[in-house]
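Okay, structure first, notes after.
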Amino acid sequence: MSVSKKPMVLVILDGYGYREEQQDNAIFSAKTPVMDALWANRPHTLIDASGLEVGLPDRQMGNSEVGHVNLGAGRIVYQDLTRLDVEIKDRAFFANPVLTGAVDKAKNAGKAVHIMGLLSAGGVHSHEDHIMAMVELAAERGAEKIYLHAFLDGRDTPPRSAESSLKKFEEKFAALGKGRVASIIGRYYAMDRDNRWDRVEKAYDLLTLAQGEFQADTAVAGLQAAYARDENDEFVKATVIRAEGQPDAAMEDGDALIFMNFRADRAREITRAFVNADFDGFARKKVVNVDFVMLTEYAADIKTAVAYPPASLVNTFGEWMAKNDKTQLRISETEKYAHVTFFFNGGVEESFKGEDRILINSPKVATYDLQPEMSSAELTEKLVAAIKSGKYDTIICNYPNGDMVGHTGVMEAAVKAVEALDHCVEEVAKAVESVGGQLLITADHGNAEQMRDPATGQAHTAHTNLPVPLIYVGDKNVKAVAGGKLSDIAPTMLSLMGMEIPQEMTGKPLFIVE
C-alpha cells in the first residue's frame with residue numbers, strides 16, 4: 001500500500017493585495033476572521049508582486065500572467081513589456097525581420113498594413129507606445145495604407161480614459177500624412193477568453209468587412225458617441241471610423257495584419273478566427289488570407305508568424321517536480337486555469353509527468369459582481385478532496401475572486417468576494433493540517449484592496465503595485481524573511497519540502513526552518 005502523501009499546497013488568492021489604508025479597501029472592509037487569525041498567529045511576510053521585482057518596468061503594476069510565470073520559475077522573468085521597451089529604445093524593434101518582412105511584402109504588393117491591439121497605457125496586454133512604434137515602422141518602410149484597429153481598455157486603465165490615446169494617434173497619422181484609425185471597439189468584444197464567440201464575431205466583422213453598429217468621421221468622435229450611449233471604453237460597440245471620401249479599410253487577401261498584444265490569453269480567440277482554416281467558433285462572413293503576425297506566441301498550435309518567439313525556461317517548479325518523480329495537481333476556475341498551468345509552467349502547454357489538472361467552470365454571468373463568490377465552493381470541495389486523497393506531493397490552486405470581482409469596480413461585490421474567500425481558506429487550512437501537510441497562502445498581485453482611484457474619484461478597476469501577503473500554515477517551526485518577491489515562492493516551497501533547489505532558480509527561501 002502506498003504511503004499517503006502530505007502535500008505542500010500553494011493557494012494563490014488572485015488580486016488580494018496588502019494596503020494599510022482602509023478607505024475603499026474591500027479586503028479591509030470584508031469580515032475575514034480566518035485570514036486575520038492566520039496573519040496574527042502564523043509566520044508571515046509581505047512580498048513584492050510588481051515592477052522590476054517581477055521583470056516589469058519600475059513601478060508597473062503586476063498582473064496574473066507575469067505573477068504566475070515568476071511564481072513557477074523561481075527567478076525573475078523579464079516580461080515582454082520590458083523586453084519590447086528595450087528593443088524599441090535601441091531600435092532593434094525596427095529591424096525585427098518578421099515585422100519588417102510583413103510590412104515590406106504588403107507594401108510591395110500595393111496592399112494595406114493593418115495594426116490591431118489594445119490601445120492602452122495599462123501595460124498588461126499591450127502598450128500603446130509599442131503600437132506607436134509599429135505605426136512608425138510601417139511608415140518608415142514606405143507603407144501608404146496603414147490602418148489602426150483600436151481595441152479600447154477601461155479595465156487595466158480608468159473606465160473612460162481612451163480619448164487621449166486616440167487623439168495621440170490621430171495627430172500622429174496627420175503628421176505622417178498617411179494612415180488612420182480605421183475602427184474602435186471595446187476589449188469586451190475583441191479580447192474575450194471564455195469562448196463567447198458572439199462577442200468575437202462582432203470584432204471580426206468590424207475588422208474584415210469594415211462593418212459595425214456605428215460609424216464616425218474620427219476616432220475621438222466615435223468614442224464620444226459611445227460615451228453618450230453610456231458605453232465605457234471596455235464596452236464600446238463596433239464603430240467604423242471613416243470620413244467622407246476616405247477609402248474603406250476592410251481587409252483583403254495579401255494585406256498584412258499585425259497583432260500588437262503581447263499577452264496571450266485574450267489574444268488567442270480572435271487570432272484563431274483569422275488563422276485557423278478549420279475555425280468553427282462562428283460562421284465567418286468573410287475569410288481573408290492576410291499575412292498575420294503575432295507579436296508573441298499566443299499558443300503553440302496557432303500556425304502563423306511570431307515576431308518575438310518565447311524564450312524557454314528550464315527547471316521551473318513543475319518541471320523540477322517531474323524530474324524528482326513527485327506528483328502535482330493544478331486546480332482553478334476557467335478564468336485562471338491557464339495561469340496555474342500554462343503560465344506557472346513557464347509557457348509550456350502540456351502537463352508534466354505526474355501533473356494532474358482540474359478545471360472548474362467559472363459561472364456564466366455577464367460580469368462577476370453578479371456572482372462574487374464565483375465557483376469557489378465547488379473549487380474548495382475539489383481542492384479539499386485532493387489534499388485528503390494522499391495522492392499529491394504538491395498542489396497549486398488559484399482563487400480568481402479578488403481579481404475578477406475587483407475588476408468590476410463594484411465595492412459591495414468585492415467585499416462579498418473576499419468574505420467568500422475567507423470561508424474557503426478556512427476549509428483548506430483545516431484539510432492541510434488534518435493530513436500533516438503544509439500551506440502557503442499568497443497572491444499574484446493586488447486589486448481588491450483599492451476599489452476607487454483617489455486621483456479621479458472613478459472606480460479603480462485595475463491592478464495595483466502594492467505588496468501581497470505570504471502566510472505559512474504547517475507543523476514546521478519557521479522564521480519569515482523580509483524583502484521577498486514572487487520568484488522566491490518556488491524555492492520556498494522546495495526548501496519546506498526538503499528538496500534541492502535547482503541552480504536556475506535564483507529566488508531565495510522566505511521561511512527558514514529553525
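Glycine residues also receive a Cβ, built from the backbone N, Cα and C atoms like all the rest.
Reduced to three states, the DSSP call for H445 (Mn(2+) 2 binding site) is coil. The feature Mn(2+) 2 binding site is assigned by Swiss-Prot to D14, S64, D444, H445.
Following the DSSP three-state reduction, the secondary structure of S64 (Mn(2+) 2 binding site) is helix. Look at Swiss-Prot and you will find S64 tagged as active site, phosphoserine intermediate, backed by sequence analysis.
Within the same chain, residues at least 6 positions away in sequence whose Cβ sits under 8 Å from that of H125 (substrate binding site) are L118, D156, R187, M191, N261, F262, R263, R266, A267. Residues or ranges marked as substrate binding site in Swiss-Prot: H125, R155, D156, R187, R193, R263, A264, D265, R266, K336.
The Mn(2+) 1 binding site annotation in Swiss-Prot covers D403, H407, H463 and is backed by sequence analysis. Long-range Cβ contacts of D403 (Mn(2+) 1 binding site) within its own chain (separation 6+, distance under 8 Å): D14, G15, S64, K336, H445, N447, A448, H463.
A coil conformation is recorded for H407 (Mn(2+) 1 binding site) in the three-state DSSP classification, outside any helix or strand. Cα-Cα distance from A264 (substrate binding site) to D444 (Mn(2+) 2 binding site): 17 Å (rounded to the nearest whole number). The Cβ neighbour count for D14 (Mn(2+) 2 binding site), using a 10 Å radius and every protein chain shown, is 29. Ranking the binding-site residues D156, D444 by C-beta neighbours within 10 Å puts D444 at the top. The number of other Cβ atoms within 10 Å of the Cβ belonging to H463 (Mn(2+) 1 binding site), over all protein chains shown, comes to 31.
Distance from the CA of D444 (Mn(2+) 2 binding site) to the CA of H407 (Mn(2+) 1 binding site) is 15 Å. Less than 8 angstroms from the CB of R193 (substrate binding site) sit D265, R266, R268, E269, each of them six or more residues away in the same chain.
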